[in-house]
Each structure stands twice: as C-alpha cells, then as structure tokens.
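Under the heading active site, proton donor, Swiss-Prot lists H20. Annotation source Swiss-Prot lists substrate binding site at D28, H106, Y128, A129, N130.
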Amino acid sequence: MKKGTVLNSEISSVISRLGHTDTLVVCDAGLPIPNSTARIDMALTQGVPSFMQVVDVVTWEMQVEAAILATEIKQQNPQLHETLLTHLEQLQQHQGNTIKISYTTHEQFKKLTADSQAVIRSGECSPYANVIICAGVTF
C-alpha cells in the first residue's frame, strides 16, 4: 500500500499496485533482471543513485513486512549489510511492526526476482547490494 510521495512515476505506480505479500526488488547495477520482470532503471553512473538512496525512498513509500537478502552480503559487503539492517530496524519502529529478515543464496535470490512486481536498478557497484522487499498492509 502506498504511503507517501515519490517523484518517479514508474516507482510510484508499482508501489500503488502492490498487494499484501507482493515483492519489489532493489538491486545493484550488476544483478541480471529476468526479461519477464518489469525493470525500472534508475542507474545514471557508478554509484548514482546508491543502493541505500533507492531503498530509503522505496521503503518509506510502502508498508514493508519482510526483506530477503543474499547470504553472501554478510561476508562480501558487511558495511552495507549493517547499514541496511539499521535502516530496516528504524523502519520497523516507524511502521510499528516487525520486519522479518531472511537470507537465501545469491543463485536462489536471482530466481526469486522473476516473481517480483518490478526490479528497481540502482547505480550501486558493490557486491550483493540487492534486497527483495515484501509488501505488508497498513491495517
């Protein structure tokens, strides 16, 4: 369910159509995106916009129930992993719910993206900077 205001019309449209348990992916510049999944390409150049900039805007716009990450982020990108977990903790407090965080292999993560409503590609160029965001409800 849509909660705020996003200037990008494609992102706004996708979020407004999300139902309970639908998923939306925010990814780095290198994640392969299935042809069958809508692509919203925000990448301008390396690092612009960053993964966390996109995650921040998207997650404040929607009700988040869960997040799925690749297990590899823990070892290969620990700083970003901690930043993302901190953001989700703050979001959880703001929303008044518990956001379930789960992990899967990167290979399985790539397969799960095919079931998402859309993949939003950031300009991030650091390893495993990807998250599947699961929509919740505001009631």
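Keep in mind that glycine also has a Cβ here, set from the backbone N, Cα and C atoms.
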Checklist outcome for this item: Quick note, Y128 (substrate binding site): same-chain residues at least 6 apart with CB under 8 Å of its CB -> D28, L69, A70, E72, I73, Q76, N77, L80, H106
Checklist entry - Can you name the residues of this chain that are 6 or more positions from the residue listed as 'active site, proton donor' yet have a C-beta less than 8 Å from its C-beta? => result E65, A135, G136, V137
Item to check | D28 (substrate binding site), number of other Cβ atoms within 10 Å | outcome: 21
Next on the checklist: Just to confirm: which same-chain residues, 6+ apart in sequence, have a Cβ under 8 Å from the Cβ of A129 (substrate binding site)?
Outcome noted: C27, D28, F51, I73, N77, L80, S122
Checklist entry - By a simple count, how many Cβ atoms lie within 10 Å of the Cβ of N130 (substrate binding site), its own Cβ left out? => result 26
Checklist entry - Near the Cβ of H106 (substrate binding site), how many other Cβ atoms are there if near means within 10 Å? => result 16
